[in-house]
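Feature annotation from Swiss-Prot assigns active site, proton acceptor to GLU94. Here Swiss-Prot flags CYS344 as active site, S-methylcysteine intermediate. For CYS114, CYS118, CYS121, the entry in Swiss-Prot reads [4Fe-4S] cluster binding site. The S-adenosyl-L-methionine binding site annotation in Swiss-Prot covers GLY168, GLU169, SER200, SER222, ILE223, HIS224, ASN301. Residues or ranges marked as disulfide bond in Swiss-Prot (evidence: sequence analysis): CYS107-CYS344. Taken from Swiss-Prot, the feature domain 'Radical SAM core' applies to 100-339, supported by sequence analysis.
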Amino acid sequence: MSEKKINLLDLDRKAMRALFADLGEKPFRADQLMKWIYHFGVSDFEEMTNINKVLRQKLAARCEIVAPEISSFQKSTDGTIKFAIHVGEGQEVETVYIPEDDRATLCVSSQVGCALECTFCSTAQQGFNRNLTVSEIVGQIWRVSHFLGFAKDTGDRPITNVVMMGMGEPLLNLANVIPAMDIMLDDFGFSLSKRRVTLSTSGVVPALDKLGDALDVALAVSIHAPNDELRDILVPVNKKYPLQEFLAGIRRYIAKSNANRGRVTVEYVMLDHINDSTEQAHELAKLMKDTPCKVNLIPFNPYPGSPYGRSSNSRIDRFSKVLMEYGLTVIVRKTRGDDIDAACGQLAGDIRDRTKRLAKKRMQENQISVTMN
């Protein structure tokens, strides 16, 4: 039985250099290889012309460069593209490309499903199977870059920003997310600015502290409720890490980070008559008074079976004005890709659930019903 080959997309620069040392090669050779992979999108060792033939043969014998395949894609009327990415065992995760005038953002998944059970999110309703590997995370960027047109002659890449806001909670897959983000930031990797790579979390506080010790990237935090009572229902991880504990962790991260320019982005989904009252706006503003932030209000994007509705424009406008009265910077997110179920909270994929999600779902729906009445 032949030995399983090493997928080089699983290795950040430190691990790549360790591999090359094991091959008896100098560190700069590892850097050359990474440049071929991430700057020029090359997966065939024979195309790497500044690497000698003997080393190319060694690499071909022991290693491979394999990204997950695109199973299908849908294009929105606004230019957004949703990709279904095959990750084995008949499962798919979803990745979303969002073009804008001054940037091109890829929304990347970190898990096959999600274990956090946020009640307004389509991904959570699919259950959870496993964490994505490093190669499956960076492979989303690599594969979509090829789809969009990797410029092999110049190294120009079609993706300028990456947001870890796809399927899954990134901080529950820290062992793979950290090296994947290292590759995104590395000069020999995707070479993205730390301000152009954003991680979004619902509040796994110990892992947030570990992230701050390991990396400096932009941070977005999913708050979604102005108090623990409501957040316990909307974002159940709040029962383990309540708001004040989460906010303290956010402030510790800000103190370590340059990428955030002294503040984080607060994400707040607008659910009709659930968390969008004027009183709740005052409550949110007071909650955030000691945490430097800008607030991103996200109109809820419905999905089949959801118990929630989208807040009206007038309610969103009133909520926004209250926050601004407290001196907060407020942005109402423009919905992109909702006609192809690619908008925030709509990603679902194809998941083999390993949790008892469906049994719990009925209990959550009962809680929501009580809150709405």
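Placed from the backbone N, Cα and C atoms, the Cβ positions cover glycine too.
Quick caveat, the model's predicted, so the values are computed rather than measured.
The two recorded residues ASN301 (S-adenosyl-L-methionine binding site) and CYS118 ([4Fe-4S] cluster binding site) have their Cα atoms spaced 14 Å from each other. A C-beta separation below 8 Å, combined with a sequence spacing of at least six in one chain, links HIS224 (S-adenosyl-L-methionine binding site) to CYS118, PHE120, ARG231, LEU234, VAL235, GLU267, TYR268, VAL269, ASN275. In space, SER200 is the closest of the binding-site residues CYS114, CYS121, SER200, SER222, ILE223 to CYS107 (disulfide bond), judged by Cα positions. Compared over the binding-site residues SER200, SER222, ASN301, the count of CB atoms lying within 10 A of a residue's CB peaks at SER222.
Within the model, the domain 'Radical SAM core' (100-339) shows a mean pLDDT value of 93, rounded to a whole number.
Separating the Cα atoms of SER222 (S-adenosyl-L-methionine binding site) and CYS121 ([4Fe-4S] cluster binding site) is a whole-number distance of 12 Å. Mapped onto three states, the DSSP output places HIS224 (S-adenosyl-L-methionine binding site) in coil.
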